[in-house]
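S.K.: After the structure tokens below, expect a handful of questions from me.
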């Protein structure tokens with residue numbers, strides 16, 4: 001179902017989009033679902049908050065697009081950018097976490113360490129990667145009320161633009177490391193079990209980019225501790241494709257328990273998400289994240305999934321179902337990506353906040369995060 005596309009919820013974004021004029025028309029999908037469980041709209045007298053999560057594989061252009069966006073909008077009290085917590089990853093939470101991750105995968109690929117040894121390091125490192133997102137989500141959650149939709153919904157008093165959602169470190173990158181052989185499926189599901197409930201108004205922007213161009217962009221950028229790992233690039237691209245398909249599968253009525261028997265344990269190529277697919281056909285379960293977990297390690301002797309792992313897949317379905325999904329085409333200039341993102345905000349869903357002081361507290365929280373852990 002379309003998420004009330006066309007409402008100008010973010011006037012600052014809307015003004016910038018109008019000023020930028022048309023680009024080549026490559027925008028993204030409208031949201032594929034409007035959260036049905038947000039009947040409690042909150043106090044209509046309280047202001048609204050818009051949260052935009054820019055996510056997807058590393059190197060696709062997320063940070064560049066966000067920087068272009070913030071530059072176009074200029075300094076504002078009502079829009080705050082929440083960057084990746086690089087200082088936490090590299091200094092505060094542990095020393096050189098990214099270097100440790102890439103070196104561990106490299107050593108595994110060269111046969112210098114076993115898969116079990118790599119999994120211990122990767123699981124520990126992924127805890128470090130996920131901590132800032134999980135903590136921030138927890139302190140933000142009490143301020144988020146019900147979704148504010150309809151013609152009476154006021155423009156947001158505050159917009160937060162996040163560089164990644166918690167699912168990046170609690171789902172997508174663990175799953176990619178599993179595909180790379182450096183994390184167990186049990187460890188991936190342990191992270192999934194820790195995914196926080198999805199708050200109303202979660203606007204998730206994923207992206208598509210041809211793989212050759214993606215590899216070229218990744219080779220050109222300089223990030224502390226990063227190696228150019230084309231196998232990992234392929235794995236994380238696949239996981240994000242599966243994520244988009246899974247959200248659409250759930251929102252179009254797919255039920256993983258009913259379809260589980262269709263899985264054979266042999267993974268097929270995953271269709272890329274279509275940026276224009278706003279209300280298409282039901283994806284196959286074979287093309288979703290659920291297919292990754294039809295593996296012997298998770299199955300009882302009779303071939304059924306152990307109940308404990310099935311419960312975790314129920315958690316996965318519960319967390320992904322309410323998300324408002326957008327897909328941005330990054331195969332254009334940074335300005336083109338920025339303008340496409342600006343146009344998308346008209347269809348995004350804000351929420352009421354829960355107290356009169358919430359906007360000020362949220363703004364302070366976001367700025368504290370950026371100042372304390374958002375360095376390079």
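Just so it is clear, glycine is given a Cβ too, placed from its N, Cα and C backbone atoms.
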S.K.: Which one, 107, 110, 177, 217, is listed by Swiss-Prot in the same ATP site as 56, 57, 58, 59, 60, 61, 62, 63?
M.R.: 217
S.K.: Where Swiss-Prot shows 102, 126 binding substrate, which of 51, 220, 221, 223 is named for the same site?
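M.R.: The candidate from 51, 220, 221, 223 that Swiss-Prot ties to substrate along with 102, 126 is 223.
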S.K.: Write out, in the order they occur in the sequence, the residues of the chain not among 56, 57, 58, 59, 60, 61, 62, 63, 217 that have a C-beta within 8 Å of the mean position of the C-beta atoms of the recorded ATP site.
M.R.: 207, 209, 214, 218, 330
S.K.: Which secondary structure state does DSSP assign to residue 217 (ATP binding site), in the simple three-class scheme?
M.R.: helix
S.K.: Just to confirm: which same-chain residues, 6+ apart in sequence, have a Cβ under 8 Å from the Cβ of residue 62 (ATP binding site)?
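M.R.: 54, 55, 56, 163, 164, 207 - these are the non-local Cβ neighbours of residue 62 (ATP binding site), listed in sequence order.
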